[in-house]
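*Asks:* One structure, as structure tokens, below. Some questions next.
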């Protein structure tokens, strides 16, 4: 049930983002046109500005409902062309049915001095209906998508064949739409009152309401539900409604564009514009990047700079912050909470200081500079940005160091094997990596994308090869069992289209898995096996070295798990014997698993028969998934407590499944500068 709900919300989120992408482009053009038609511009510029502003504002912003209806329907439905036709037809039928019922029941509102503003009704495509704004398009788009997918494959006998499939779904949708149009006349006035109550409550909450919006905006991003928060605020009455230049305008973004276009007559910026003061793209990515560079190991700083600075540029120019955010979202969740708080503070301080212009990426922010200072108070942009950046930088730096978080650069940054990078360079080979990493064509259920993530649903999670997927150039791979996310960036849509075409060609037999991929995978396997023949281990503690045969436990001394060695008479401090990644920390804390770059599995077993102590004598200093180098502090053992329980406190190192190794240095050597054991 939970998995189905999560998938449904993610499906809706990716559908609704399609029309929003076009809104962002249209909004940029409208902003430029609004600047061109300002009073101080030359006559020709003003004429061009008025021309484009009027056309695009009316044609796009004034038609958001039908745009969302068609956009969502085609995004959800598998048969795109039929979905578009059905969506337009459904939208028109709703308008006429809703108007007819309002007329029949004598509930059509009369225009006042401000037209239909405040009556709960509006004129859409020349037809007076209940004013649902963009919600009408969203609801009808979802309805069309569902009906076509549910009934679009129904088959009849040959005499009724013209009415089967999507035509049958279309007929059913029409009847449902008429019923919905009638019901809406009764329930929407109540919903509209609820929306007004919500907006009023948000407004009365002042800066705390704006903080809550910003905080939730980030906290909902990992589950893909942040679209469901900001989209209504920007484009629907949830974000406020205002009368501007004689027209009713709903949604914070639409209000901003309308006031920008009528700035000469504006005496006060609408409070709803506070929902647009997003300092996320400009102030925070740079602060996060500097914190990562500052806390990185000295030998990794150059690599970290090469990774994080491009993400800062992407955020500033395109407004896409996921590439930098996903560098720490899953590896250090506590930083994500801090990030969400600072993100919310941007809205909080903007409201307190009266900043009422749109802040976002550089292109989104530029139009704000043309608003009179006494209206927008843009002089607060730089102080707020600097303040947020300083808070974010020091908060990240302090918490990373205090909690020893495994952020980028604080771990061993292993280079990709030459054979893997060679495979990923070629486009077709890269697509083949994705297909094979997802378990093959037959295991792939669906591939889709949002702004920055390639999302892949699979049938069998056990067939997914996460390590292979990580060889594909990306900002990270998120493993959610049957739902895999690959963080790509703003070029993800092109990649998704290429992958769709590649999968179709594989299914049709036009293409086969390239032989170069198979050869490279074989080479990689052979190299890995060659590397496994050479492993050196350092001592995990300061003490006396014992060969495995002298460990007083037959499982270890018999090398049932593999060969290795032990350390006795130590001070309780346990260090890593190898470079690698922490793969497992046993619940009872008495054992730690490490995997090296060459895929050796190393077991560090603290004490003998200490599993029964329930972890009390052990303090673990690392976490699963953390990269470490030999000599890094892993754990602290309370040797006195272990001995008082009648247990042996020696530290045992096992190279799992190794047949035979040897101690290569003097057993009395401490072992922190020279290897002790070789396999």
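Here the Cβ of each residue, glycine as well, is placed from N, Cα and C on the backbone.
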*Asks:* What range among 326-348, 349-371 does TrEMBL describe as transmembrane segment?
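*Replies:* That would be 326-348, per the transmembrane segment entry in TrEMBL.
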*Asks:* Labelled transmembrane segment by TrEMBL, one stretch among 193-212, 273-292. Can you tell me which?
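*Replies:* In TrEMBL, residues 273-292 carry the label transmembrane segment.
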*Asks:* Transmembrane segment per TrEMBL sits at which of 379-400, 401-422?
*Replies:* 379-400
*Asks:* Could you give me three numbers for the domain 'PTS EIIB type-1' (428-509), the DSSP helix, strand and coil residue counts?
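*Replies:* Going through the domain 'PTS EIIB type-1' (428-509) residue by residue, I get 37 helix, 22 strand, 23 coil.
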*Asks:* Is it possible to list how many residues within the domain 'PTS EIIA type-1' (553-657) are helical, extended or coil according to DSSP?
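*Replies:* The domain 'PTS EIIA type-1' (553-657) comes out at 14 helix, 48 strand, 43 coil.
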